[in-house]
Every structure is written in structure tokens, then in C-alpha cells.
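Participant: Would you mind keeping the following structure in view while I ask a few things?
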Amino acid sequence: MEKSLIILKPDAVQRGLIGPILTRLEARGLKFIGIKLSQVSSELAHKHYGVHEGKPFFAGLVSYITSGPVLVVAVEGKDVIEIVRSTVGATNPVKAAPGTIRGDFGVNIGRNLIHASDSPENGDHEVALFFSSEELIRSERSVDQWITE
């Protein structure tokens, strides 16, 4: 099963969008295996966004993600990366399709509400950065048989 890390960034938390965003993700049939409110440290932000180090926007990105509480969510399922990313929408909310999280709630690329893993490999890596194995809970849901074949 694929895993994806989803981060509801400080702007989503401050704007009171946790409920509407989680509702959309859950309605897609995603199985939450970990969820917590967290304050991202500078060290963790550097590890998470390390691939962008040296780019002009890196310092601002670290400053933004550490500026307030975030909601960190781990999800698991078949094709979860593709499902989450299509639900989230394009990185730039101006270009995100209506009906996506960023298309409906986003304002600009600098405050784009949400992070989602972009590959199964990154999903595994990112979930491990933010959650210990003890924090991940896997269980069967009665609805699973109606969601996947």
C-alpha cells in the first residue's frame, strides 16, 4: 500500500479550514493512519524541504512552515499519491482547477494551504520524518470493501 504525507500548512489552520479539507480527503475514501497537530521545527523543515535548499524561495518556505501550527496527516491506500494530488490541485492556486482544495480555498502560491507527497518513495520518507511507527495505526474499516476492489 502506498503512503502519503499531507500537511495542512499554517494558513489552512489559521483560516479554520481543517474540517473542510479533511472532509474532502476522507470523502475520497482515504484511510487516515496518523494525524496530529504540530509545530514544525526549523530542523525538521530543513529535512523535509532539503531538496529545495539553495533555491531563492527556500528561506521563505522554511519561515512559512515554521510560522504556526500545522496538521500533519498520514494516509494509506491503493494509488493514494495520485488520489491525494488530484484532490489537492495544482501547486499554484491560481492555476488549480475548481473543485480541488487549492482551487476552492487557495489564494496564492506562497500560501497554498497544503502539502502532499509527490511519489510513493517520498510518501514513505516523509511519513517516517513526521511519524514514528508507534504513531501509525492501521485498522480495517467496514467501508473498505466498498471503496477498493
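Placed from the backbone N, Cα and C atoms, the Cβ positions cover glycine too.
Computed from a predicted structure; not experimentally measured.
These came from Swiss-Prot, pasted as-is:
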{"type": "BINDING", "residues": "Lys9, Phe57, Arg85, Thr91, Arg102, Asn112", "note": "ATP binding site"}
{"type": "ACT_SITE", "residues": "His115", "note": "active site, pros-phosphohistidine intermediate"}
Participant: Between His115 (active site, pros-phosphohistidine intermediate) and Phe57 (ATP binding site), what is the CA-CA distance rounded to a whole number of Å?
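Facilitator: On Cα coordinates alone, these residues lie 16 Å apart.
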Participant: What's the number of neighbouring CB atoms sitting within 10 A of the CB on Lys9 (ATP binding site)?
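Facilitator: So the number of other Cβ atoms within 10 Å of Lys9 (ATP binding site) is 21.
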Participant: Write out the long-range same-chain contacts of Asn112 (ATP binding site), meaning residues 6 or more apart in sequence whose Cβ is under 8 Å from its Cβ.
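Facilitator: Listed in sequence order, they are Lys9, Asp11, Thr91, Asn92, Pro93, Arg102, Gly106.
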Participant: According to DSSP, does Phe57 (ATP binding site) fall in a helix, a strand, or coil?
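Facilitator: DSSP assigns Phe57 (ATP binding site) to coil.
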Participant: Among the recorded positions listed here, Arg85, Arg102, His115, whose Cβ has the fewest other Cβ atoms inside 10 Å?
Facilitator: Arg85
Participant: Can you tell me whether DSSP puts Thr91 (ATP binding site) in helix, strand or coil?
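Facilitator: In the DSSP reduction, Thr91 (ATP binding site) maps to coil.
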Participant: With every protein chain in view, what's the tally of Cβ atoms within 10 Å of the Cβ of Thr91 (ATP binding site), excluding that atom itself?
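Facilitator: Taking all protein chains shown, Thr91 (ATP binding site) has 16 Cβ neighbours within 10 Å.
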